């Protein structure tokens, strides 16, 4: 049975999710809700400054957009409760606005045929969080879930490999993170962070990361034991995580590499990749993997410490499963 997907919020995440859905046969893009109109969706879905031109023709009519033979309804409701998902027979909603990040806010989508909502950002409450490859097999049918953030999808995939193989005791991480829409193009005010008042394109900006909260949800034994920091850098997408962990078991470079190679071939196939070349961030634009382990940039020190530096795909679409 083909699942019919509705997307609320058509920014970077929403548009990339749309591209992925439109490339698959087991799901259909049924509707989009956004402040913008259909003509804006046509233009921005077709032309992407980072990911390039979409390979399918997109046009608009008075009810929405048309991609090949598929018609996608377009709505402009301001609140989830006002979106007429039923007119498009939507089954599952991807909440991609970044605004409705609690169960209370997201469950307003649960009307008519809509039975599931996936929040494409870290939840601000106790909404269950699932990351594909890490804990998705524990899903018990909740109506509203979070897929967390790009950084969390990246680092928890790596933590799973290290924890399963060696037992992670504690650590710390820094994400060298590409710019996001929340930053200022030029110096301007910012309500939450003084440094984020500075222009995104000309600065390396130290700031915070909320990944530690969701890491603790997925790995409870690491609560308050893996602080996360971020440095925003002037690149459009693809980020890097510098992760340092203490492990219970002795871990040599060869053992660590072996664990990642094994996971990439088996339980994390299609989610984790092991880089074979010495590449840079632009080489990973469009990568389908949550994490890419870069073998040449890690080392092992002493017997119980493992240090890793590896790449990740960021600001991409969340997995559709």
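Every residue, even glycine, has its Cβ placed from backbone N, Cα and C.
Computed from a predicted structure; not experimentally measured.
Going by what TrEMBL states, the NAD(+) site holds 12, 13, and the candidate of 81, 120, 137 recorded there is 120. Each of the recorded positions 13, 150 was scored by how many other Cβ atoms lie within 10 Å of its Cβ, and the smallest score goes to 13. With respect to Cβ neighbours within 10 Å, the recorded positions 12, 120, 177 differ, and 12 shows the lowest count. Cα of residue 120 (NAD(+) binding site) to Cα of residue 177 (site 'Activates thiol group during catalysis'): a distance of 18 Å. The Cα of residue 177 (site 'Activates thiol group during catalysis') lies closest to that of 150, out of the recorded positions 12, 13, 150.
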